[in-house]
């Protein structure tokens with residue numbers, strides 16, 4: 001045991017303290033958030049067609065990636081479409097169609113091979129294996145594969161017998177599938193229902209007794225009931241929590257920033273200033289717009305900062321203040337202009353341009369920190385229905401990235417201008433976005449990434465993309 | 001698509017016939033349909049918590065919604081269900097402790113307790129025989145008395161959640177409770193514990209029944225035998241929550257100490273949090289070690305916050321900590337630090353992998369960072385006084401409050417519940433918050449808990465609570481604990497304010 005303590009040095013980008021020497025410890029991705037996944041995890045979907053497996057797969061993947069767990073979906077249906085030239089009819093799925101069975105099995109195995117690649121070569125942490133996996137035999141294949149490779153397995157089974165939900169599912173996502181490109185609606189629906197029947201013949205749900213040693217969650221009827229068995233670790237616990245909070249009730253989420261603030265006008269970041277005259281105008285316009293939207297039971301959320309609260313006040317309705325919605329803490333750079341930051345902290349300014357997502361202000365935060373802080377907001381947004389979130393530029397970028405599945409690289413450069421409301425409405429597997437500018441002029445606060453991000457660049461190069469201000 | 005209508009699923013009413021969701025509802029509920037544009041109210045910043053609130057004539061108006069945990073409009077009644085020795089009281093107490101810690105006023109009501117106060121002396125299991133009319137009458141009365149107190153707590157005493165801890169093993173009893181809740185506008189959430197493992201039940205009895213007031217004058221065998229017969233009395237009439245018959249109720253059924261859960265109709269945020277919490281706790285024996293970083297450069301100067309390194313004595317502590325941990329011989333110990341240099345330096349001495357959590361960082365003292373108390377008194381006497389008036393809620397300008405800290409530490413607590421043996425190397429305010437959770441301390445006590453440098457607290461869950469061992473590692477360190485001074489008025493003299501400041505360089 002070495003007696004000398006290793007010197008700590010502070011990583012200039014994330015401001016995390018790491019031991020100077022290369023070691024097992026510092027090989028970890030110098031993470032500024034705790035990493036809870038040691039072994040890779042396979043989430044395996046189970047269920048008849050049109051039970052929401054792909055919906056859950058995509059949503060879960062989006063959430064896990066957003067919180068920093070590298071995740072990827074492998075949809076076996078996609079493999080099947082790539083393998084067979086064109087889809088003819090439900091007959092392909094008949095359990096006595098030996099030729100087709102061979103193809104389908106081969107597709108599953110190819111997908112598993114790609115899973116292996118993803119875990120081994122791309123260092124993925126979680127895989128969502130999206131297929132019906134309705135037979136014990138198929139699940140056995142997957143379990144063996146996972147066992148051989150040291151992956152954990154967590155099953156997510158969706159059980160639904162409500163014909164209306166299934167009909168709606170088919171309408172929303174099956175009719176537009178490549179499989180049914182050249183069919184009319186009734187044909188497609190009829191064919192798809194027969195397809196489901198093919199699976200029903202051999203469907204064996206996860207059994208409370210036989211499968212009692214497996215880790216799984218069974219979701220009944222879109223979430224009215226859940227059965228959870230043997231949650232093994234942190235990530236499975238988070239997944240269960242997430243799945244138990246999402247719903248499919250139609251609703252809209254409105255995201256906007258506070259009205260233009262005094263510091264905005266001066267080109268200064270952070271701080272806790274009040275609204276400018278135009279900002280106050282925006283607040284009224286926002287009130288008018290929301291009234292027009294005629295939303296039943298709208299929740300309004302703000303941060304703890306004066307400018308968002310002033311904005312909400314103009315709506316004349318109850319609102320909730322969340323500290324977690326506060327703007328990113330710029331630490332020593334609070335209330336500075338970009339010009340001042342360039343002058344006093346040119347190296348910091350350059351580092352930020354090099355990796356805006358992971359860059360942490362000295363004594364402040366990074367976008368990565370913001371995402372962690374915003375996770376409870378996202379969780380509650382998932383639980384809620386109609387919500388208006390009045391927040392800040394960096395915060396709004398993080399929230400938007402979650403809904404629109406933007407990567408860590410894109411996130412810090414998403415455009416969230418003042419006086420513009422984004423209306424997000426979940427549809428099919430994604431999110432419809434309507435951008436509504438409320439016609440009150442405001443200063444631009446969006447700074448694009450400059451061409452030259454080197455520490456030794458000229459001040460002029462650094463300040464090239466700074467938007468105008470007083 | 002027929003979804004459960006919004007009002008049914010998410011606002012606490014029991015789902016009935018789903019109402020088709022109209023595209024635009026014109027019913028003037030909370031919507032914004034017919035609110036005329038109002039002039040924005042003036043805002044003022046509350047000096048203690050630094051919260052912006054609307055004011056009229058310079059005075060703050062009421063009704064400001066703070067994002068605490070749950071803005072429950074209706075109070076919630078959690079009802080335990082299960083045979084004796086299934087962990088109902090354990091769950092009730094733990095859940096109550098957790099909810100109070102995150103800021104949801106919660107109280108448990110243990111019907112057995114009411115029975116003990118009523119019946120004074122427990123004779124034997126015969127009291128619980130289903131054909132004991134006298135016994136049944138008393139037990140019903142006790143349940144009613146408890147429910148009465150529940151009503152008082154939730155409607156008049158500011159409670160948000162009440163945990164009704166009893167067997168509640170018959171549908172009839174549960175129906176009575178549901179009616180009571182409906183009459184009073186409370187939401188009901190059942191927590192059923194089902195367990196058939198005789199080893200677990202035996203261990204339960206040993207841990208918490210033998211020490212019960214009911215069995216003070218019995219020897220172990222007598223007590224166990226009587227208790228087993230008591231359980232038998234309930235078994236015949238036990239009606240477990242049924243997937244079909246009880247499909248409209250909101251509940252979680254915990255099976256075999258957490259191997260399996262059945263969750264039905266979670267109605268709102270607080271129920272969702274309760275489910276998440278219950279699914280993360282376990283009863284595997286383990287210990288949690290809490291300590292601060294070794295003494296830091298700023299500590300000796302009497303300065304708060306900052307990100308300084310360890311002093312020589314601090315480094316000495318780190319070495320001693322390493323020796324101590326080795327001697328404890330802990331299987332599979334996880335080590336957590338904050339992202340501040342001083343905790344990481346301390347962990348480095350252990351030569352094991354450790355996890356850095358930003359949320360374990362010390363409380364942010366905002367504009368007062370790196371100041372001495374004398375300087376704070378000098379520059380911000382008003383702030384200094386406000387802090388002494390309400391140390392829990394006081395937020396430093398551009399900084400945090402203890403209340404904020406608790407919110408930020410909640411994921412740490414959740415993960416601590418999931419884990420087994422963990423050593424948390426953190427900071428004074430942070431450690432106070434974590435300790436308050438484990439030892440069920442109030443918001444008033446929390447900011448004054450003693451967490452001296454160079455001392456390890458070993459917490460071991462036992463029975464319904466937590467055993468604490470305090471181990472001083474015998475390396476001198478400066479004292480950083482400032483007691484609440486006598487005079488907390490804004491008008492006080494400097495000397496009065498600085499009376500309790502510990503000595504420093």
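Positions of Cβ are set from backbone N, Cα and C atoms, glycine also.
What TrEMBL says about a protein is an automatic prediction, not a curated fact.
Residues or ranges marked as domain '6-phosphofructo-2-kinase' in TrEMBL: A:29-250.
According to DSSP, residue A:258 (active site, tele-phosphohistidine intermediate) sits in a coil region rather than a helix or strand. Annotation comment: TrEMBL describes A:257, A:258, A:259, A:260, A:261, A:262, A:263, A:264, A:307 as substrate binding site.
For residue A:258 (active site, tele-phosphohistidine intermediate), the same-chain residues 6+ apart in sequence whose C-beta sits under 8 angstroms from its C-beta are A:275, A:279, A:302, A:305, A:307, A:308, A:310, A:311, A:390, A:391, A:392. TrEMBL lists A:258 with the feature active site, tele-phosphohistidine intermediate.
Listed in sequence order, the residues of the same chain lying 6 or more apart from residue A:327 (active site, proton donor/acceptor) and placing their CB within less than 8 Å of its CB are A:270, A:303, A:305, A:391, A:392, A:393, A:394, A:395. Following the DSSP three-state reduction, the secondary structure of residue A:327 (active site, proton donor/acceptor) is coil. The annotation active site, proton donor/acceptor is assigned in TrEMBL to A:327.
Listed in chain order, the extra residues whose Cβ falls within 8 Å of the Cβ center of the substrate site residues A:257, A:258, A:259, A:260, A:261, A:262, A:263, A:264, A:307 are A:273, A:274, A:275, A:276, A:279, A:418. For the recorded site, residue A:263 (substrate binding site), the DSSP three-state label reads helix. Among the residues the record lists as binding substrate, namely A:257, A:258, A:259, A:260, A:261, A:262, A:263, A:264, A:307, the two farthest apart have Cα atoms separated by 14 Å. Close to residue A:259 (substrate binding site) in the fold, though at least 6 residues off in sequence, lie A:275, A:276, A:278, A:279, A:280, A:281, A:282, A:283, A:286, A:307, A:310, A:311, A:418, A:419, A:440, A:442, each with a CB less than 8 Å from its CB.
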